[in-house]
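S.K.: Mind having a look at this structure? Questions to follow.
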Ligand code: ACO
């Protein structure tokens, strides 16, 4: 027997305010047609003034706990992936801990759009090492706060939201037929730091800064790096692409997602898509998509779910999970 972690439940939260491409046409020199053709995005949710990353995280985590049917008091670890913490410190996860009444320890992790895969991997490792028994893994972002609303090349791409899962350790036979996290695969390459970054920070400018991106280079890296990490995840479990029931990708761009699905020869009805309605919500995008597909009945017990994501760093990764 080996220690594994399985997902007991999931939940998500989106701010009420929806901003469509048409709304953005009056703010920057862009068109609905350009945004849809280049990215597949039609709308995104934007947090209200005073609505914080911790508020989104608490709402998503509360729904995940309800879905899992467990009390907050039984959680002994929170790993919160965010690029937009409430404050530079302490960890936003500690605020979430206090609001929910969870025990143990709570930390934030920063891997931008790859954040949820990183957080899942970290929590899974805590559980398998015996340092935690039940964990909340959250991706939560108020990414709109990092946008330069005069820069049409970036401000049309992103949105706000949060998603969460409850992970629990159990003793499993140790085969790829086990339920839960089968494997996670993480990579980063700091030599590409300048392709996608925020031009501020506590140690550089003392300001928060705005997102800056070389879109074409990021696109090129995204397709090749995601394809290879997905192959790595399947090979590690002796699985073929045809074994995958659901691809739940980071939702940055429809064209990147289509490229990965094509390489895997996965039909589009096996790909969970939210990018059209959510835009790129960074670390929140995978758990938002996951919660949608679980709650509408697409993802069922026993299904093989492949998650993949890439973001600033560049940092990227994949997770293979049997639901
Ligand atoms: N509206 C209208 N025109 C625009 C806009 C806009 N919002 N933004 C850029 N343009 C213009 C450019 O100025 C350029 O005009 P020019 O030819 O007169 O100079 C033209 O459109 C083409 O610009 P490109 O940058 O070449 O457009 P491209 O086809 O590469 O699409 C995009 C840009 C959508 C950003 C694409 O490169 C991309 O998706 N890259 C991946 C980046 C990404 O997804 N990042 C998210 C974070 S990382 C991650 O999550 C994977």
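Any Cβ shown, glycine's included, is placed from N, Cα and C.
Unlike curated records, TrEMBL annotations are generated automatically.
According to TrEMBL, the feature domain 'Beta-ketoacyl-[acyl-carrier-protein] synthase III N-terminal' maps to 107-190. Taken from TrEMBL, the feature active site applies to 113, 250, 280. As annotated by TrEMBL, domain 'Beta-ketoacyl-[acyl-carrier-protein] synthase III C-terminal' applies to 234-323. Residues or ranges marked as region 'ACP-binding' by TrEMBL: 251-255.
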S.K.: List the same-chain residues at least 6 positions away in sequence whose Cβ sits under 8 Å from the Cβ of residue 250 (active site), in sequence order, or say none.
M.R.: 113, 114, 116, 280, 285, 286, 307, 308, 309, 310, 311
S.K.: Under DSSP, is residue 113 (active site) part of a helix or a strand, or is it coil?
M.R.: helix
S.K.: Where among the active-site residues 113, 280 do you find the Cβ with the fewest other Cβ atoms within 10 Å?
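M.R.: Selected from the active-site residues 113, 280 on minimum Cβ neighbours within 10 Å: 280.
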S.K.: Reported in the order helix, strand, coil, what are the DSSP residue counts of the domain 'Beta-ketoacyl-[acyl-carrier-protein] synthase III N-terminal' (107-190)?
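M.R.: Helix, strand and coil residues of the domain 'Beta-ketoacyl-[acyl-carrier-protein] synthase III N-terminal' (107-190) number 26 helix, 33 strand, 25 coil.
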S.K.: With helix taken as DSSP H, G or I, strand as E or B and everything else coil, how many residues of the domain 'Beta-ketoacyl-[acyl-carrier-protein] synthase III C-terminal' (234-323) land in each class?
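M.R.: Helix/strand/coil tally for the domain 'Beta-ketoacyl-[acyl-carrier-protein] synthase III C-terminal' (234-323): 38 helix, 22 strand, 30 coil.
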